[in-house]
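*Asks:* Quick paste from TrEMBL:
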type	residues	note
REPEAT	62-85	repeat 'ANK'
DOMAIN	158-278	domain 'PGG'
REGION	186-208	region 'Disordered'
COMPBIAS	190-204	compositional bias 'Polar residues'
Amino acid sequence: MKGRFDVLKELVRARPHAARARVERGETILHLCVKQNQLEALKFLVETMDDHNDLVNTRDNNGFTILHLAVADKQIETVNYLLNNTRVEVNALNTSGLTALDILVHGLRDVGDMDIGEALRGTGAMRAMNTHLPNHHPQVLQLTSEGDRSMKSKGKEHWLTRKRDALMVVASLIATMAFQAAVNPPGGTWQDNSTQNSQDTQAGKSHAAGKAIMADSNEEYYRLYLSYNTTGLISSLSIILMLITGLPFTHRLFMWMLTVVVWVAITSMALTYRIAMTFLTPDSAKAAVTNIIQMVVAVWCGVMALVLVGHTIRLLVASLRKLGKLCW
């Protein structure tokens, strides 16, 4: 099936009935064509077989028709071919009670989703909840509901995975920034050794090569700089540790904890930047630059505080509601 089109032609001509046989999981040769994205082979089989209208609607053990598979795999050309050249059932249900349109809606987002959706709706495709099912098939309705819940759960898991990956990248970048800021402080490091008896010693203080110039020039700034930078480094490493340990972030409490740690890490780096810029700015412009930086950082901290308070209120409200349900 993987591109051996000529071999397929000869096999079908020699044993046409073999093309109607089922393989593992109840799949037909048409299912295999769609799975391997072999549209030309699919066209050949459909045009060759007299009963192709029945074959295109054949279901595997999971109730999937070839239209289900084509939509799930985002094969736009295959979907258009089936809709325009065969009598495929556009509202066929699989064992989970899902139509092809349901699979498109609940699946991963793709640039071709709009085209597939328009093609399906143009031929009368509907969601399972909107199809007119006979009253003597209540089990199908139950399967549809279960299928929707399953797809929503998978969608939520996928969203959490993407968010976890993004947080991992952000935390790694913050940790890298904090480490570089620690080993390369503002003003650099001394390049030589000097004692109090040396003629080039500033303010009568000795210094050693590799030590931070900032520590000798302004000890208070250096202490604040290290405090904020170390807080950012430890917070970012804590985020990485929380993510790789597999904590259940679907729980509101753990999500709130992660939000707090992220807030601390980002705010610490903002304060580290403030100290660095204040130290590096010349005295002639320090007053104006310091006021601007302090105002921006204050607004930033205020916004972050509002976000943190909002998440805290949501957590408390959810906890109180849950507690109220338990009491009743």
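Cβ coordinates come from backbone N, Cα and C, glycine included.
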*Asks:* If you run through the domain 'PGG' (158-278) with DSSP, how many residues end up as helix, strand and coil?
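*Replies:* Going through the domain 'PGG' (158-278) residue by residue, I get 87 helix, 4 strand, 30 coil.
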*Asks:* Taking helix as H, G and I and strand as E and B in DSSP, count the residues of the repeat 'ANK' (62-85) in helix, strand and coil.
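*Replies:* For that range the per-state counts are 17 helix, 0 strand, 7 coil.
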